[in-house]
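These notes are about the structure you will find just below.
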Amino acid sequence: MSAHKTPDKAFPVSWDQFHRDCRALSWRLNETGPFHAVVAITRGGLVPAAIVARELGVRVIDTVCIASYDHLHKSELKVLKGISDMTVKLGGGSGRNLLVVDDLVDTGATARVVRGMIPDAHFATVYAKPLGKPLVDTFITEVSQDTWIYFPWDLDLAFAPPLRDGAA
């Protein structure tokens, strides 16, 4: 999302739905591997990377930390932690047989940065928006560019008043 526009549509995702979607992603990726390591783009990629790594039997999990959002506002990209030298070596220096996992590709800005680090890696996301979709190799669900996905780790349970009491 741009820094000046709030999303037009909301797409809340429950833990159950997210787990199902991650398993579906794993099923698709099972035909693509084998992978020597999984690289999670943090923080959003941590949960799907853990599920995918478990399903594919991958033991080596690394992270790359690129900050691009502050709550709903997009900010300048900052690499806070790069991929370890050991993981890069496992991928032959170019990312071959490495699997990069994130929750979502939005504009593709984060994916471009990581692709620059390991260009031959396989990129997988659970959700993809049209602007970022060309940068990923495998995804499960496409959502429109004007949709904000509310992931389960970003939500809290709250009381919802009955409709008869004026709830919208």
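Each residue, glycine too, has its Cβ placed from N, Cα and C.
The 5-phospho-alpha-D-ribose 1-diphosphate binding site annotation in Swiss-Prot covers ARG43, GLY44, ASP102, ASP103, LEU104, VAL105, ASP106, THR107, GLY108, ALA109, THR110. The feature Mg(2+) binding site is assigned by Swiss-Prot to ASP103, with sequence analysis given as support. The xanthine binding site annotation in Swiss-Prot covers ASP106, ILE149. Taken from Swiss-Prot, the feature GMP binding site applies to ASP106, THR107, GLY108, ALA109, THR110, TRP148, ILE149, supported by sequence analysis. The guanine binding site feature in Swiss-Prot is assigned to ASP106, ILE149; the stated evidence is sequence analysis.
Here ALA109 (GMP binding site) is positioned 14 angstrom away from ASP103 (Mg(2+) binding site), judged by their C-alpha atoms. Residues listed for 5-phospho-alpha-D-ribose 1-diphosphate, ARG43, GLY44, ASP102, ASP103, LEU104, VAL105, ASP106, THR107, GLY108, ALA109, THR110, cover a largest CA to CA span of 17 Å.
Each of the binding-site residues ASP102, ASP103, ASP106 was scored by the number of other CB atoms within 10 Å of its CB, and the largest score is that of ASP102. Per-site Cβ counts within 10 Å over the binding-site residues THR107, THR110 peak at THR110.
Long-range Cβ contacts of GLY108 (5-phospho-alpha-D-ribose 1-diphosphate binding site) within its own chain (separation 6+, distance under 8 Å): LEU131, GLY132, LYS133, PRO134, LEU135. Fewest other C-beta atoms within 10 Å: among the binding-site residues LEU104, ALA109, ILE149, that description fits ALA109. Taking every pair among ASP106, THR107, GLY108, ALA109, THR110, TRP148, ILE149, the residues listed as contacting GMP, the largest Cα to Cα separation comes to 17 Å. Among the binding-site residues listed (ARG43, ASP102, LEU104, ALA109), LEU104 has its Cα nearest to the Cα of ILE149 (xanthine binding site). Annotation note: ALA109 (GMP binding site) sits in a helical segment as assigned by DSSP. In the structure as shown, the Cβ atom of TRP148 (GMP binding site) sits within 10 Å of 16 other Cβ atoms.
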